[in-house]
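Participant: One structure, as structure tokens, below. Some questions next.
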Amino acid sequence: QGNIRVFCRVRPLLPEERERQRGLPHLHFPPQDNHSLVLTRPDDSQVGRERRAELRYDFSFDRVFPPAASQQEIFQEIQLLVQSALDGYPVCIFAYGQTGSGKTFTMEGPEPPGPPESRGMIPRAVRHLFLGARDLAGKGWQYHFSASFLEIYNESLRDLLLGKGERGSDLEIRRMGPGSDELHVPNLTWVPVESEEQVLELLLRASSQRSVARTGLNERSSRSHSVFQLRIRGQHAARELHCACEI
């Protein structure tokens with residue numbers, strides 16, 4: 001379906017927003033078309049006596065998810081992309097939006113404890129990868145995983161997997177080598193993981209160290225960018241094959 005896909009997700013109204021407005025009358029999701037989103041607004045400008053009722057803006061995406069869309073529906077769209085990481089293809093899933101738009105909920109899910117159906121893209125992807133690795137073990141493949149979690153806050157990098165009270169080295173983004181477009185962060189903590197549960201524990205540790213603050217839309221809003229990475233190393237000894245990538 002192409003190397004880059006762009007999805008648009010519209011989150012539901014929060015309780016306090018429901019008190020101020022009735023639904024989302026300015027957003028329209030064309031029936032039988034999950035690739036389009038239409039925005040409308042009244043036209044307050046007047047030219048002589050002519051006045052249009054509303055302005056219309058049409059947008060197209062690879063997929064549009066209305067407010068009622070579930071976490072599972074969204075993961076189904078990226079599932080094959082995640083699967084390709086076991087074949088050695090690098091994968092990046094990037095969430096972009098303003099404060100309070102639902103990025104953290106989509107990627108990580110709610111703060112625990114939360115119902116299984118609300119799990120975010122990161123825990124779902126991790127579970128899918130570990131299950132896939134177990135299936136491929138029967139075909140001679142052996143996989144090793146390690147994870148890191150980085151925060152970018154006020155133009156500085158923070159290692160979110162350091163232990164309590166542990167002070168890490170100063171971090172910076174560097175190229176892998178002269179002429180290379182590949183980037184890495186030297187001295188970043190990478191933790192070997194062997195199960196989905198171990199990754200979830202790391203996510204909890206990282207979440208407790210995120211830079212957060214209260215906003216008008218969110219009691220506990222992330223005030224930074226974060227990057228979770230899972231490094232995958234695969235080997236088929238009998239066929240002398242190996243693969244390596246990050247997601």
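Backbone N, Cα and C atoms are what each Cβ position is placed from, and that goes for glycine too.
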Participant: Of the residue ranges 21-45, 146-170, which one carries the region 'Disordered' annotation in TrEMBL?
Facilitator: 21-45
Participant: Between GLN98, THR99, which of the binding-site residues has its C-beta surrounded by the fewest other C-beta atoms within 10 Å?
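Facilitator: Relative to the other binding-site residues in GLN98, THR99, GLN98 has the fewest Cβ atoms within 10 Å.
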Participant: Summarise the region 'Disordered' (21-45) as counts of helix, strand and coil residues per DSSP.
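Facilitator: With helix first, then strand, then coil, the region 'Disordered' (21-45) has 0 helix, 8 strand, 17 coil.
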Participant: Determine the mean pLDDT over the domain 'Kinesin motor' (3-247), rounding to the nearest whole number.
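Facilitator: Summing pLDDT over the domain 'Kinesin motor' (3-247) and dividing by its length gives 85.
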